[in-house]
Amino acid sequence: MENRLTTSSIVTRPLTPRYPVIIKDPTNKDVISNFRLGDHFLALGVTTILTSGYYYSTYLHKPSTILWGAFILPTMYVLSGERVSQRLKGVQENQKDCAKYGIEFTQNITPYNL
């Protein structure tokens, strides 16, 4: 028989989002339709900077640079999509998204979500 005190915590932290929840469980379609211009700039900007840095650090070796860029671009779009998903779930600041959906923006500050 295992000891419950050592395997799990007695005190649980309620997960309350700090910002209004727009979509509780966003689908891929919801995430893609809520991309902002800044999300595209983040994905393209980081990809451009990392790829050009790799290009000049490897003495202009084009084949590996193309492979590097082909790996970085989708990765950055997935990370940007995760940021959008967190905004829709209320984890990150979503004032513009609340205005788009007509939801009142309020910040929920409790000791559990600071």
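Note: Cβ is positioned from N, Cα and C throughout, glycine not excepted.
Those TrEMBL annotations? Automatic predictions, nothing curated.
The domain 'NADH-ubiquinone oxidoreductase 21kDa subunit N-terminal' annotation in TrEMBL covers 17-92.
Annotated transmembrane segment per TrEMBL: 37-57 (among others), in sequence order.
Look at TrEMBL and you will find 63-79 (among others) tagged as transmembrane segment. Counting same-chain residues at least six beyond the ends of the transmembrane segment (63-79), those with a Cβ under 8 angstroms from any Cβ of the stretch are 42-44, 46-47, 50-51, 54-55.
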Beyond the flanks of the transmembrane segment (37-57) by at least 6 residues, Cβ under 8 Å: 64-65, 68-69, 72-73, 76-77, 79-81, 83-84
